[in-house]
Amino acid sequence: MSYGKLDHRNGDLPRSEPQMFTMHAQNIAKPQSRTLPRHLRRLEAESIEIMREVVADFRKPVMLYSIGKDSSVMLHLAQKAFYPAKVPFSLLHVDTTWKFREMISFRDETAQRLGINLIVHVNRDGIERGINPIDSGSTLHTQVMKTDALKQALDLYGFDAAFGGARRDEEKSRAKERIFSFRSHGHVWDPRNQRPELWNLFNTRSWKGETMRVFAISNWTELDVWEYIMLENIPVVPLYFAKKRWVVHRNGALIMVDDERLPLVSNETPELKMVRFRTLGCYPLSGAIESDAATIKDVVAEMQVATLSERQGRLIDSDEVASMEKTKREGYF
Amino acid sequence: MDTDALRELTFTDSKDQLRFITCGSMDDGKSTLIGRFLHDSKAIYEDQLQALARDTVKHGTPGDAIDFALLVDGLEAERDQGITIDVAYRFFSTPRRSFMAADTPGHEQYTRNMATGASNAQLAVILIDARKGVLVQTKRHSYICSLLGIRHVVVALNKMDLVEYRKEVFDRIVGDYVKFASNLGFTSIAAIPISARHGDNIINRSRNTDWFHGPCLLDYLESIDIQSETAGLPFRFPVQWVNRPNMDFRGYAGTVVSGSIAVGDEIVVPASGRNSRVKQIVTYDGDLVRAEAGDAVTITLADEIGIGRGDVIAKPTERPEVADQFAAHVIWMDQEDMVPGRSYGFRIGTQSSASGSITAMKYRIDVNTGAHVAARTLRLNEIGFCKIATLLPATFDAYEANRRTGSFIVIDGETNRTVGAGMIAFPLRRAVNMAWRPLSLGKKERAALKHQRACIIWFTGLSGAGKSTIANLVDQKLFAMSYHTMLLDGDNLRHGLNRDLGLTESDRAENIRGAGQVAKLMVDSGLLVICSFISPYKAERDMVRDLVSDGEFIEVFVDTPIGECVRRDPKGRYAKAKSGMVKTFTGVDAPYEAPSAPEIHLTTLNQQPERLADTVLNCLAARGIIVPTNRTEN
Ligand SMILES: Nc1nc2c(ncn2[C@@H]2O[C@H](COP(=O)(O)OP(=O)(O)O)[C@@H](O)[C@H]2O)c(=O)[nH]1
Ligand SMILES: [Mg+2]
C-alpha cells in the first residue's frame, strides 16, 4: 500500500486498521432493565410509532443508513419497533466512495450482526465523470454523489418511503420540516406543498411516483441522541471517540488523512492529534475536533461545554446560509 | 436560577418533556422569546451566533446587537418577508425538563398553522403586548388553544420595558384576560410580566418588576405539573400493525394512548364486539406485566379474534363509541373550499383509510368572538361544526375526553392533500355493536371484508375507441393496489354466456341486459366490476345503472371520433361493415347515443391509454371508491 508522498516524510502513517467498536455490543442481544428518563422514553415511543405507521401504510419502505450516530439510533429503534419480527425493510447506504474506512467496516459489520439486508448504492455515472470532493468541490460532489445517487437508488428499487435521520434541532430550516416529508414526482420537495401534521395523524397517502421521506427522530436533539446511545449501549462508529489520528489543517478545519487519496498541499504536514468527530460524512469534508473524550461518558460530558454546533465541522453547508433548504429542495433529504 | 444551571446536562429518571406553543400576533415577540430561551439555555452555539449576527445586519431589527427572532425564522421566503408562516419546532433543555416549543404565526390567515402547533401542545404561552392589552387576536389564540384541548395557559405580558414595568398595566390586562377566558375551560392560567428583548423574568427574575412575586417564565414552565393527562383515562390501544413473524406469534403493535393494561386483563374490540384476554405484553427490552399510556408495545391475546390495523382495543367496562355518523369541529386547511356531500378520506386514529363525507354544516365559528355563524361551506382557515358520515363505523371518543382518539384529519382523495382536521364532539347514530356474525350477509359486509366499495365501472364507446385497452389497464392497476375486481368484456361474454345472441337490436339489448345482471351479482359479492361494452343506447345503460344503488354505477365514456376508430379498426370490423359483410354496425349504419352526463369522460385523441387509465383511477378516488394509498393486507 502506498500513501504517495506522505510515505517519504513519515514512516508510521495512518495505517490503523479499521477496528470494530465492540465495547457495548455484547449487551445488545440481551436486553437489560431500563432506566431511561421519561423524556427519552417519550421520544423513543414516538419514533417507534412513526416507524410502525410507515411499515403499515407503505408498500416498500427503506431506511437511509448513513452510518452516523443518528442512523445508529434509528436502527436501534427499528429493532424495537418490530420485535420479535426482524426489521421489515432494507438499509440503503448511498456511498460516495469517500467515507471513512472505519465507517464502511462498521456498516458491513452492523448489517451482518443484525441480519439486515444492506443495499449500497454508488452513482457509477458520477464515478465515471471523475466527480470527487477534492477537485469537484463539495457542492457538486454532494449533488452528484449524494443527491442524485439517492434519487437513482430510490427509483431503481422503487422505494415509496425512506426513513432519514435528520433532526429538527440541527439547523434553522429543519425546524419546520415535517416528520412525513412529501416529495412529488422526481423527488421534488416543495415547502408550500407539505402537509400539515396534527396530533400523530400522519397523512401517508401518495400516488405512484411520489415518495415520502420520514424523519423518525425529528424531535430528538443531539444531546438526546448521545444520552440515548449511552443508556441503551448502542454501538457507534469509533470515530466519534477521541484517539490519536493523522490530520491536516485545512480551511480552518482538521481533516483526517484517511487514505492515500487526499492530496496534500505543500505546507500541509499531517500531525498525529487526539481528535474525534461530531458528525461523519466524506472524510475530506468532515472536520475533526480536538478532544480527549474517548468514551461515551466523556462524549456526553464534553457536550455540556460544547460551544460550537455539530454542523460547524461540516464543510457542506458552511458557505451558504440557507443551503440546507436548497439542498433539500433538490432532493437530498 | 442562573443561566449555567441550564447547561448542566445531568438528568434524573424523572426528567420529562413539556411541549408548548407560543401564541401571539405578529411582532408580539414570540420568535424573540423562543430565540432567547435557546440562547440562554445555550442551545445556540458560537458559530450559529456568528451567523446570527451576520443575519441581523441583513434582515434583522435595526439597532439590535442580535435579533433573536432570526434564530427561529427559518425558510428563505419568510425570512425575507420578516414573518413566520409555518410552524417551527424548537428545543431546549434544563436538568428537570426538556422543552419542545412550537412557534406559530398569529394572523387569522394562519389559523391552520396555529391549530397544528396546538394539537401537540400541553400548554400555551400567550403573548400580549403590554402597550396593547387583550386584543381580538388574543381572544382568537385563546379560543383555538381551548378548542384544540390545551388546558394550561401562561399569559406572558411582553414588552414591559415599553410601559416602564408598571404594575397597574400588568394588573389591568391580566384582569381583562382572566375575565374573558373564564369560560374557555382552562385548568390553569398564570400571568408573568416579561420583556423578551431584554430578558426580564424569562430565565431569571427581574429587578425591574420587584412588585411581582411569581416565578420567572422558565421556572414556571419547569415546575408546572402537567400530570400525565392520559394516565387516568380509559384504556385505548389503536392497533397500528399486526406483527406476525411466524406461525406461532401474532401480536398487535401500537402505542397505549391512554390508561393502562396488564397481562390477564379482559379486553374487547368494540367494532366487532369480540372479547379476549391479554396474554403477553411484548417489548424488545423484555415482556412487561403492565403497559401505561405512552408505551409503544406489542400485545398478544389469548384468542384469535380477527384484529387488524385500525381496530381499537379497549376494556369491556370502558368502551369507546362506535358509529358511522358523528358531529365534529372541523378546521379547514386547504385553498379549495370544503364541499359538503363530497367524498373525502378520513384518518381517525390508526384507521388510516376510512372514507366518508361531511354531510352537513351546522355553523361556522367566528374565531375572534366564538360566535356561531350560518354557513354552507368552510374556507381555508375557517372552523365549523359539522356532521360527518363514514362508510364504515369508526371507533372513537369525544375529543374533550381523549385528544388521541377523538381527533381526525380529512384528506382529499384526488390530490392526497390534508385538507382539514377535526375534533369529534359526539356520535350521531351509534352503530349497534356489530355482532361478529352479521345476521344476513349483504353487499356491504362482503365488500367490507375486502376493504373496498363495490361498484360497476362501465366503459362505453364505439368499436375501436379504446374501451378494452383502458379497461384492462384499470383492472391491472386496481389489482396491483390489492382491489378485488372482475373484468367483463363484450367479446368474452359473447363467446360464452351470450353466445346465442346476434347483432340485431333486440339481441344487443339482451346482451347488455345479461351483462348488467351478471355485473350486479358481482357487485353484490363485493367486487369492483369493470365492464367494457359498446352499449350504444342510453336506455340500456340506464337500465344497468338502475340495477345497483346510487353511486355504484360509474359510466366511463371513451370518446373517440368515428374517423379515428375507422382508421384504427383493430379487428377489421369497419372494413367488413363498409363492405356489407357485417350488418347493423354501430357508427356505420346503427346509431351511437353518446352519454350526456357520464361520470367520467375520456377524450382519447392524442392520449396515452396509460394516462387515461390513471384519470379513471383519480376519478374513482375522488368519488371515494378507492383509496389512493398502497393497501397492505394484515
Ligand atoms: N421593546 C421590546 N421589543 C420587543 C420585545 N419583544 C420583542 N420585541 C421586538 O418586537 C419585534 C417583533 O418580534 P418577533 O419576535 O419577531 O415577533 P413575532 O412576530 O411574535 O415572532 C422585534 O423587533 C423585537 O425585537 C420586548 O419585550 N420589548
Ligand atoms: Mg415570529
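Any Cβ shown, glycine's included, is placed from N, Cα and C.
TrEMBL does not curate its annotations; it predicts them automatically.
Noted in TrEMBL for the protein shown:
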ACT_SITE  B:S535  active site, phosphoserine intermediate
BINDING   B:24-31, B:103-107, B:158-161  GTP binding site
BINDING   B:G461, B:L462, B:S463, B:G464, B:A465, B:G466, B:K467, B:S468  ATP binding site
DOMAIN    B:15-232  domain 'Tr-type G'
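Using the Cβ center of B:G461, B:L462, B:S463, B:G464, B:A465, B:G466, B:K467, B:S468 for ATP, the list of other same-chain residues with Cβ within 8 Å runs, in sequence order, B:I534, B:V558, B:T560, B:C565. There are 25 other Cβ atoms within 10 Å of the Cβ belonging to B:S463 (ATP binding site). Using a 10 Å Cα-Cα cut-off from the residue listed as 'active site, phosphoserine intermediate', the binding-site residues that qualify among B:G24, B:H107, B:G461, B:L462, B:A465 are B:G461, B:L462. Listed binding-site residues near B:K467 (ATP binding site): none (candidates B:D27, B:K30, B:T104, B:H107; Cα-Cα distance within 10 Å).
Of all the binding-site residues given, namely B:G24, B:D27, B:M160, none has its Cα within 10 Å of the Cα of B:L462 (ATP binding site). For the domain 'Tr-type G' (B:15-232), the model's average pLDDT works out to 85. Selection of the binding-site residues B:K30, B:T104, B:G461, B:G464, B:A465, B:S468 by a Cβ distance under 6 Å from ligand 2 yields, in sequence order, B:K30.
Burial estimate for the binding-site residues (B:T104, B:S468): highest at B:T104, by number of other CB atoms within 10 Å.
A Cβ distance below 6 Å to any atom of ligand 1 is met by none of the binding-site residues B:H107, B:L462, B:A465, B:S468. The Cα of B:G466 (ATP binding site) lies closest to that of B:H107, out of the binding-site residues B:D27, B:K30, B:H107, B:M160.
In the structure as shown, the Cβ atom of B:K467 (ATP binding site) sits within 10 Å of 27 other Cβ atoms.
Taken residue by residue with DSSP, B:S468 (ATP binding site) is part of a helix.
Cβ packing within 10 Å was compared across the binding-site residues B:K30, B:H107, and the lowest neighbour count falls to B:H107.
Long-range C-beta contacts of B:G24 (GTP binding site), restricted to its own chain and to partners at least six residues apart, with a cutoff below 8 Å, comprise B:K30, B:G106, B:I126, B:L127, B:I128, B:D129, B:Q137, B:H141, B:N158. Ranked by Cβ neighbours within 10 A across all protein chains shown, the binding-site residues B:G461, B:G464, B:G466 are led by B:G461. Considering other CB atoms within 10 Å as the measure, the emptiest surroundings among the binding-site residues B:D27, B:M160, B:L462, B:A465 are those of B:D27. Separating the Cα atoms of B:S463 (ATP binding site) and B:H107 (GTP binding site) is a whole-number distance of 58 Å. Cα separation, B:M160 (GTP binding site) to B:A465 (ATP binding site), rounded: 75 Å. According to DSSP, B:S463 (ATP binding site) sits in a coil region rather than a helix or strand.
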